[in-house]
Amino acid sequence: MAEKELAKVYEPTAVERKWYETWEQEGYFRANPDSGKPSYSIVIPPPNVTGALHMGHALNNTLQDILCRWKRMNGYEVLWMPGTDHAGIATQNVVERQLAGEGTSRHELGREAFIERVWKWKAESGGQIIGQLKRLGASCDWGRERFTMDEGLSRAVREVFVRLYEEGLIYRDNRLINWCPRCHTALSDIEVEHEDKAGNLWHIRYPVVGEPGRFVVVATTRPETMLGDTAVAVHPEDERYADLVGKKVLLPLVNREIPVVADGYVDREFGTGVVKITPAHDFNDFEVGRRHNLDLLNVFDESAVVNSAGHQYEGMERFAARKRVVEDLEALGLLEKIDDHAHAVGGCYRCKTVVEPYLSLQWYVKVGPLAERALAAVKDGRTRIVPQQWENTYYDWMENIKDWCISRQIWWGHRIPAWYCDHCGETTVAKIDPTVCAACGSDEIRQETDVLDTWFSSALWPFSTMGWPDRTPELAAFYPTSCLVTGFDILFFWVARMMMMGLHFMNEVPFSDVYIHALVRDAQGQKMSKSKGNVIDPLVVIDQYGTDAFRFTLAAFAAQGRDIKLAEERIAGYRNFVNKIWNASRFALMNLEGFEPDTVDPATLDLSNADRWILHRLNSAAAETAEALEAYRFNDAAGTLYRFTWSEFCDWYIELAKDDLYRGDDARKETARYVLWLVLENLLRLLHPFMPFITEEIWQTLPGARPAPSIMVAGYPRSVPERDFPDGAAEMELVMEVIRGIRNIRGEMDVAPSREIAAILSCGSAESLHLLKRNEVYVMSLARLSDLAIGQQLERPADAAIQVAGDVEIAVPLKGLVNVEEEEKRLLKEIGKLDKEIEMFGRKLENPSFVERAPADVVAKEREKLAEVTQKKDVLLASLEKIRKLA
């Protein structure tokens, strides 16, 4: 007997809290490396310790949880490794803002005190996202939660750094990097946000040395950097400037002679075809400078203020210097013209300051040898990227990879384990802090002040979290991990680096599969941002609609390679689905009162056609769901379960079974109750990975002995031969098609569902005739018929509306059911409204100014609306024609 009744209305908040606490207390999330079961492991992409749950996190972790719960139910020992990232610059900025509010700064505190302050902040305020992930239902092994700066991971970071240094794969060099003049640190490419901005293109005259009156005109978007020019360049095949190559020009304002070089980098179509080369302030120019052995002249300091190399502009902030340089060029008659010019400008992802290409002494990883193995591992299939289209992006990045700048000029992070000797100048790199120089023995050593790029520790995440460099049971059982679920934006910055580090230090790929999910956008397809005001807060959604509805929405729209357009109306729609499951379960439980499924022998049951059909469809749903999840087609799996639950189980089977449940003899009633119980119990287990809370709540109330203490650890349903009834299923499909046909006639003719009608079924074959005779009770009941005639070559009444289902003609006599005159008026009125809409959409789409200027998705939407109203009109015209035939 059921342990308790379900409440009339589902209240998600209380249910979610209750079951999550139970799951944690019972240890269902914990992974045992010694269990002997086949293993399945996922490492969570560690969210920033400063972060709060956003839609990207919600999608990413919902998909991971679906996989983990599904595999757990399939008998796997599942490890879902959780943790957070120390998020160097982001965390340092949070604490610096706190200090500023207190009237102090990190520099006033000093490094050690500041680091202590950050740890204090982390203990008190950091990691709120972990609690938010729990609200999402994430079944992580929270006892193993890691932090990229905890003791174990810090040890792994130092081990990796030292080994790479000793292998010659880490080095220090003076090169160009992304530099934030406000944060005073190098930035990785992913930490630079590019935005198109309106700017200018200044055309400047550079006098040719030795040829009075001759100039070359150089076009630039950054005239202030000309102070650091060490050449101008032309294309080697540009005949306009062939005679200039090898000559010199005079750099305006500072009057320094610089050479004219020929280089294929120059775009002959851009500007005048002559470009200034500033190797210390432009990445492309840096490469040109290396090819031509040009000087590197840095004219800015760390705050982007002009230094002494900038002569009379020394001490000026870069944009103030730009204004003065342009004014001075104009005064000298060397400014030829200024054009409007839009171009991409890079900004610091934290403080939005315009980033400066900056010449600086930094630490690098020589990634070429590491990238070769990582590239081969995807090409030979050891790691599979899904969707496959992202493999080409991965190949392109890895084949054109550049050495990785790993040093950052901040305080919060893994401090680089390098010490410089003030006595002999040598560098000591060590796993344990040295007290003396390894080269000369002097104690005059000082540690590098830079810390490592946050991505360096993140690159070790799959194995460092499992105890490496020690040989642990976790590594033996769970590495390589089974799957990584992540967004495309960090495919190179994180995924590729994990591949490189995993292969180098573990000699195995870090994961077998990489599933790349799309972005969650707003309903119009725009990226969500605070400035646009279109952000949907996952926690607000969970509070309003419940976690299960939210999770199912994300899964239902998670099609491979297609961004999710999310609107609250869609989540509300899936809340209705949650309520449908709840109400269907309440109906089932009322009819299962006193039922004991454990006493039933399924082999002795006399199954009805409806029973065979729903069992066959259950088999199909189980097989289709498993196939879709194996292929990471989350939307297909969700779609299968939605259709089976709502349409086949709730709308059809429950209605078909009511006759047996209410009016059948004891044997028929017992069979119907058993099938109802069996299908609902299996359905809940099928849905559980997607909707964990409501499924557990209902499952615990079902009658009979449970095979497991929680649905979480019950088996996942599979297709089984004893439920395979293809012939019975095909039979019921025709019955349902006939019922749908009769219902369609009701709808078209505006006959109330409550009003009983008659129907005539003229069958094209003896097989259809016998089939419908066997299932007459279903047709009568679900089509709400007062009379039903089934035969072959039956006469069609003149006043009948007609539908066709297979080889069966359905005729519904309409005499006395429809007021022909009133129905004709109603249809004409509706058609008139649609004509106005069609005219409005037509005018808009015939307007060239709208079609050419409006965004493509807006135009496409208008075309869809036109097609939709046109189709509606066609349906009404067909109904009008039928009505007029009755007159």
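Using N, Cα and C of the backbone, Cβ positions are placed for all residues, glycine too.
Looking at the stretches 36-46, 47-57, 289-299, the one that Swiss-Prot records under the feature motif ''HIGH' region' is 47-57.
Annotated by Swiss-Prot as motif ''KMSKS' region', the relevant range among 122-126, 192-196, 527-531, 842-846 is 527-531. For the motif ''HIGH' region' (47-57), the list of distant contacts is 84-87, 90-91, 94, 122, 126-129, 132-133, 135-136, 147, 487, 519-520, 528, 535-539, 566: same-chain residues at least six beyond its ends, Cβ to Cβ under 8 Å. DSSP states for the motif ''KMSKS' region' (527-531), grouped as helix (H, G, I), strand (E, B) and coil, give 0 helix, 1 strand, 4 coil. Using a 10 Å radius centred on the Cβ of Lys530 (ATP binding site) and all shown protein chains, the other Cβ atoms total 7. With helix defined as DSSP H, G or I and strand as E or B, the motif ''HIGH' region' (47-57) counts 3 helix, 1 strand, 7 coil.
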